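Worksheet: the structure to be examined is printed underneath.
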């Protein structure tokens, strides 16, 4: 007699748990976001904790990698790379056309000197609260949290609160700086790693043959040559300049620009000749992100910076983003939401609760990590931005906007990827001298808990912070003028304005579906002035609507 076959394996359980959460969250998602003022990250993380090994034990992450002891770290690293790569391409193409060229000075100031100041301040806080790690170890951990999460930054770059209380130049720069910051953490990380790995082993290190208890307890036994290369500062700086600057940064940014440029040209060609359909057109950023993550992972360059630069190059002429808006694309936003659900639930399930209290090894305790989170919130960005905002008058007009920009710098998935990448550069925990062993033991739990703390404060404190910013800035929505109202009606299809190179149809006529499809809707907040002038008839430089992929229209 045949019986039903029960197959309760990890794959089936994971699918059931994730889909159940997505369904339950989706039914009340509007209430969660607009009534309780929570985002997607914190509820998903709490669901991962509830379904993970700490509670219900449905998500048994330790069994996913089989017998591999480092399988959990490999899954975490690869999943973080996947999520951050796709999201950085999305952030890149959503910026205005040629934005990096127009804001090159401000981006350079923010990504180099100001990020370096924040890196040193964060490292000082880490060294203060984790007493048993060295200064170089604190620099390594500090470089992991130097990056800013671009997706969480979108919470204040878009939406009704941003439209009402934050100026457009500041919102755009926060998005751009968050995207570039994820890639510019590698030079700081590799500099600290090179200084530590090329330093000599501690004097109090002995091999098993030379061990003598009468001389005292050494830092490590039998590992005097594991984890250290020697050569001093000169050799470390030479290695950092070649690998950290040239190979990681220059090659990564150049590779991303090349991939984005080729993708844009091929999209122009395919769109003009009508070779590409709507689905594949919207899928292009995901494909570019996956391609760059895979290829950069093969030859070991900076994939995060490459993805961000590729997104900018893909929309360098402003056509791609405008065309996605014209086609009412919702695929990329939906995929981004699903990725956020997955990574946050996974982090909740893989949380190493037993490593948050290690007073005998690294000196880490729960209260020290909590205080460390508050210190990083205060000193990681705000002092540096307040010092340098005067050099960026086009972005930050006064100290209040600088304070706002410094406060909203959330730590996200990039910190997890950096922490797991740094672990790969050192021997396994317990296989080197005490300085490196303390670093490898401290870097994983500290990074994840600080990550969770910043996720929570960004989600929970978003609404009151926006209200506070509104009262500080005294910024109110500007009324919509008649010209802007006419433009909004044109964008929504009420009237059809003349596209570049076309004849003027009767104003006031409702656009046909074909006319609506064949024109681009410009990015426009309903409470702000339009980005493109409505007048200037006869002027070659005054366009009414942005150019799109048309067979009879030249692309820039």
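Each residue, glycine too, has its Cβ placed from N, Cα and C.
Annotated range for transmembrane segment in TrEMBL, selecting from 303-319, 320-336, 337-353: 337-353. Panel annotation: around the transmembrane segment (12-30), residues 40, 43-44, 47, 51, 58-59, 338, 341-342, 345 of the same chain, lying at least six beyond its termini, place a Cβ under 8 Å from a Cβ of the stretch. For the transmembrane segment (365-389), same-chain residues at least 6 beyond its ends with a Cβ under 8 Å from one of its own Cβ atoms are 109-110, 113-115, 117-118, 121-122, 124-126, 128-130, 145-146, 148, 356-359, 395-396, 398-399, 401-403, 405-407, 409, 411, 445-446, 449-450, 453-454, 457.
Nonlocal intrachain contacts for the transmembrane segment (337-353), taken as residues 6+ away from its ends with a CB within less than 8 angstroms of a stretch CB, comprise 17-18, 21-22, 25, 40-42, 44-54, 59, 61, 72, 75-76, 79-80, 82-83, 86-87, 151, 413, 416, 444-445, 448, 451-452, 455.
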